[in-house]
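Copied from TrEMBL, the annotated features are:
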- 29-36, 146-149, ILE175, 183-186: ATP binding site (BINDING)
- HIS36: active site, proton donor (ACT_SITE)
- GLN60: beta-alanine binding site (BINDING)
- GLN60, GLN152: (R)-pantoate binding site (BINDING)
Amino acid sequence: MQIFHELSEWMTVRQSLDPKLSIGFVPTMGNLHRGHSSLFTISKQENDYTVASLFINPTQFNQRDDFTHYPRTLEADLTLLEQAAVDFCILPTEQAMYSDGYRYQLQETELCQLMEGKQRPGHFTGVLTIVMKLLQLAKPHRVYFGEKDYQQYLLIRDMVAAFFMNIEVKACPTIREDSGLAYSSRNNRLSPSQRIEAEQFAKIFHQLNDCQQIITALKKQGILVEYIEEHAGRRFAAVRIGDIRLIDNYALQN
């Protein structure tokens, strides 16, 4: 695996790749887990080259403390990328990605007002801006996201279409622990008692059929509910367990 700290070096290599060969791209913020591994596996199956990026994007955090405390596990992440046989890893600096000082931002005006966007103002502007920058760098044929962040997937899919970018945006199945809890970088921060609550959240969210029933059952468990909503044929949830925020979603049955 080739690792690129300098964007100019990556762009030179990207330009040299055979245009007949396909490139799959998996943008990440590091702290990788089995959910990410599944994206690399799918990309390897569908493309000649797989590119990953490791960049903790400061502009999508609502609170600076969350950015400061985001787990930085670079050595373990690079090991996982090697094991997944990823071909190229882009590892840029904040200065390189935001040489404009974040003067240029990409905003969406409708879906960004709902669910995650409502709870985390400015979050998706940071996400869309950095993903657009990364797509311009990677120039992939396909880009892969997990269904766990389905609202993010919808926004990126529609952004790519709106700007006539010839990139296939793919949503890949959420990978879950045996308990049904979706793999997430935030799970690492759960204490043993909080993990039990998180597993209860996953169980209740998937077993009950009515949003209000889910909210009531979660509150009985002492779990703080930010929202349980339905949109675009899916049910979405965000809860807080202590100071840890967890999200999930799944497709509704017809």
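From the backbone N, Cα and C atoms, a Cβ is placed for every residue, glycine too.
TrEMBL entries are annotated by machine, without manual review.
Applying an 8 A CB threshold to same-chain residues 6+ apart, the list for LEU32 (ATP binding site) reads THR73, ALA76, ASP77, LEU80, LEU81.
Between the CA atoms of GLN60 (beta-alanine binding site) and GLY35 (ATP binding site) there is a gap of 20 Å.
For the binding-site residues MET29, GLU147, GLN152, SER185, counting C-beta atoms within 10 A of each C-beta gives the highest total at GLN152. When the CA atoms are compared, the binding-site residues lying within 10 A of HIS36 (active site, proton donor) are ILE175, out of the candidates GLU147, GLN152, ILE175. Per-site Cβ counts within 10 Å over the recorded positions HIS36, ILE175 peak at HIS36. Long-range C-beta contacts of GLY35 (ATP binding site), restricted to its own chain and to partners at least six residues apart, with a cutoff below 8 Å, comprise GLY146, LYS148, THR174, ILE175, ALA182, TYR183, SER184. Distance from the CA of MET29 (ATP binding site) to the CA of GLN152 ((R)-pantoate binding site) is 14 Å. Under DSSP, GLY35 (ATP binding site) is assigned to a helix (H, G or I) in the three-state scheme. Under the three-state DSSP scheme, GLU147 (ATP binding site) falls in the helix class.
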